[in-house]
Amino acid sequence: MKPLHLKLNNFGPFLKEEIDFSKIDNNELFLISGKTGSGKTMIFDAMTYALFGKASTEQREENDLRSHFADGKQPMSVTFEFQLNHRIYKVHRQGPYIKEGNTTKTNAKFDVFEMVDGKYEIRESKVISGTQFIIELLGVNADQFRQLFILPQGEFKRFLISNSREKQGILRTLFDSEKFEAIREILKEEVKKEKAQIENRYQQIDLLWQEIESFDDDKIKGLLEVATQQIDKVIENIPLLQVRSKEILAFVNESKETAIKEYEIIEKKTLENNILKDNINQLNKNKIDFVQLKEQQPEIEEIEAKLKLLQDITNLLNYIENREKIETKIANCKKDISKTNNKILNLECDKRTIDKEKKMLEENGDLIESKISFIDKTRVLFNDINKYQQSYLNIERLRTEGEQLGDELNNLIKGLEKVEDSIGNNESDYEKIIELNNAITNINNEINVIKENEKAKAELDKLLGSKQELENQINEEKTILKNLEIKLDRYDKSKLDLNDKESFISEIKSAVKIGDQCPICGNEIQDLGHHIDFDSIAKRQNEIKEIEANIHTMKSNIAVHNFEIKFVNEKISNINIKTQSDLSLEVLNKRLLENENALNNQRDLNKFIEQMKEEKDNLTLQIHNKQLRLNKNESELKICRDLITEFETLSKYNNITNFEVDYKKYVQDVNQHQEHSKEIEDKLIQLSQRKLIEQNNLNHYENQLETYNNDLELNEQSIEMEMSRLNLTDDNDINEIIAWRGEQEELEQKRDTYKKRYHEFEMEIARLESLTKDKELLDSDKLIDEYELKKGKMNTLIDEYSAVHYQCQNNIKKTQSIVSHINYLNQELKDQQEIFQLAEIVSGKNNKNLTLENFVLIYYLDQIIAQANLRLATMSDNRYQLIRREAVSHGLSGLEIDVFDLHSNKSRHISSLSGGETFQSSLALALGLSEIVQQQSGGISLESIFIDEGFGTLDQETLETALDTLLNLKSTGRMVGIISHVSELKNRIPLVLEVKSDQYQSSTRFKRN
């Protein structure tokens, strides 16, 4: 993120202020300077507040940011523009406040914009969602922003000196390590749940074990006394339980089967006795009913006689019924014949009417034929009528255009003749231009050679003069040097060395006294006075130094002048005087002018000839185009004339409109005539077809009538024969028999019922007699008592067996469930063992006594320290290195930082550092933290950093080192801004953002030193 523009309204000491960060060129290092309380830190607060709604330090609340001198009706707001990943964004945040005169607070506002195609487009307009949008956009929250972008006052060294718990809070926020703590809690809850599930499974096993039925059997009770916690013993006893349960079930089943057999015997005996009793009673009843049925025999015989007579007269009745049907058909057929004759007469009348219409239509046939002939002959004209119409319209225009084109063509031909006369025999001469150009170039070259030679001669004379001056200076300096060397040789340097022993002699004199033995020569000391004139020696020594300095100066001057002579000689050797023309410069200039004039004249002539040729070509092209247009005009005119001639010849019309009207009228008349003719023909065909159909119908009806008459005659003969056979003389006899037909169904039913019952009685009596023959009827009461006794015993044993069988099956299900629970429990214990171990390790129950979160944070801290030490080594002249304290205890430890002193080869507490050393360490650690967070976060773009702390504690050398470190950040493409009162920084940093205060408000401006 790189700041571009900051606008403050009623924010801290700034009532209305704008800061344009775009004035900072190439990510230049800049200083924010101002008096204490002027509002330097408020600039950082404004950026942090604009983005996150918080100040750059945790101690400042939002209410503390509003200016005390702000208008009560105006809100506090910050507008911040910044660049991120080559995109430009703008945020505008307005703080909540109670407007003067109101009692309720005006809500905060927050808008986020993005620049698209040179215009800002809104992205968010709500405080919460907008702040979340900024967090996701930057990839950091407010706390991370303070650590990465702004190192605020009072918090700069907080990370360095904080303990493990405090560092954990900082690192947890920066590296989002709470997810590892969440993992620990999840594992803890998972283990808790698993243990609860295991305990629940033990309870289920115990409950199932207690519910197993013992059948009051001592052996089973003994097996069930095993505790369910002994799951191996439970598994061992389950097969024994199943075997014993099967034995008990088999014993009960045997008793049940015996009781069932006894019950079935008495049940069968009772059933057979009851059946025999019922059969005897039924036999007696059927015999009585059979006697009563036989009494109806005479009546049935009379009914059968009537039914026989009805059966014999059936054919006669059918013939009589058929006669009635035939008579009805004959009557209907006669009606159809009459209707058909009437239809045929109507059709013949219609045909005569249509024949009259057809004759009238044929009388107009010749006129229609002439119209058809005209249409056929002129159809091609009508189909292309537009073509002929256009010919009439275009012929006059084409005549006029032809005359105009002829006149224009004649004018162009005359113009071409004039141009050809202007050109005459003249031709463009480009070879002459080339010759003149070559001559001019040669003359210019000769002139340039003369000028360059004159310039070279002047330069040579100047260099020779300089060389002579340098040689004279060298000779003078050599003479002076020789005199100085002679003067130096006159001094006795051996006596001058005593001056270096003055302090040594003074020490010896202070340590001895007269009469002592000299520690140098061994003689007795007679005098401690001055035997050597040290002042004179020092004076001569200064003179020698001065002479030696002058000698060194002379030698340097001689060497410099020799180098200058060498440089002059190289220049002289590089001067080249070329061979030049014998002609004078004046003659050459005169020839040059003559050739240039000749060249210009030839160019003008060539240009005129080319223009004339171009005009000739243009006129020739125009003549050609006019001729083409004229030819095209004549061709179109001929086509129009031919078309008009063709039209008038074929149509005999000279007017297109009249022709179109008559042609359409003829077509309409012909179409109407043809349609009418077709309509009449269709009607005649339809009438003919309808008459043919009706004639066929008439023939059909007449044939049917003849057939029906023949059928009626045959039917009458059959009736006479049947009456003769039945001895019937007239219709009265027949009608009497016909009256019985209404009772025929009832009579037949009565006869059939009698015969059916008679046969049933015979069969049933015979069956019952066979069932009761030779059988004895027993005492029913005794049999019933014995039956109930056996049945009760059987039901009791069946219920007992069902209960035992159900309990055995239930025991099997429960033991299977117990085995399943035990198997699942064993597998669960095996599977969850790793989770239990992992939960303990993550919770800190490991050889390092570290939770998973602290282990991760230690890894990140090691990375930060390694990165920080790269800069700290430079800033401390390779003396200090930050190290992590290795001592750990359970949970929150291992995050303290110590300093390792390479001079003493020992580590010590961070508090032992001086103020400047603490600043160096804090700065290095803060920059290392910033870079590691950027590496780990991926999406965070660190294009700027601001520092508000600590430069006043540094000496000059350390200050230079710290500034070099910050300048290196600039070279990596990051904007670096610092707040400091150190005056040296104003001279060291060229760009300064000055913050000035006039007691109630502040203002800012950029200036360069």
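Every residue, even glycine, has its Cβ placed from backbone N, Cα and C.
In Swiss-Prot this protein carries:
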type: BINDING; residues: Gly34, Lys35, Thr36, Gly37, Ser38, Gly39, Lys40, Thr41; note: ATP binding site
type: COILED; residues: 176-208; note: coiled coil
type: COILED; residues: 264-364; note: coiled coil
type: COILED; residues: 392-501; note: coiled coil
type: COILED; residues: 535-776; note: coiled coil
Ranking the binding-site residues Gly34, Gly37, Gly39 by other Cβ atoms within 10 Å, which is at the bottom?
Gly37
Helix, strand or coil: which one is Lys40 (ATP binding site) in, per DSSP?
helix
Which residues, sitting 6 or more apart from Ser38 (ATP binding site) on the same chain, put a CB under 8 Å from its CB?
Pro13, Val995, Lys996, Ser997, Ser1002
Taking each of the binding-site residues Lys35, Lys40 in turn and counting other Cβ atoms within 10 Å of its Cβ, which one has the fewest?
Lys35
Please work out which residue of Thr36, Thr41 has the most C-beta neighbours within 10 angstroms of its C-beta, and give that one of the binding-site residues.
Thr41
Within 8 Å of the centroid of the Cβ atoms of Gly34, Lys35, Thr36, Gly37, Ser38, Gly39, Lys40, Thr41, which other residues of that chain place their own Cβ, given that this set defines the recorded ATP site?
Pro13, Met42, Val995, Ser997, Ser1002
What average pLDDT does the predicted model assign to the coiled coil (392-501)?
81
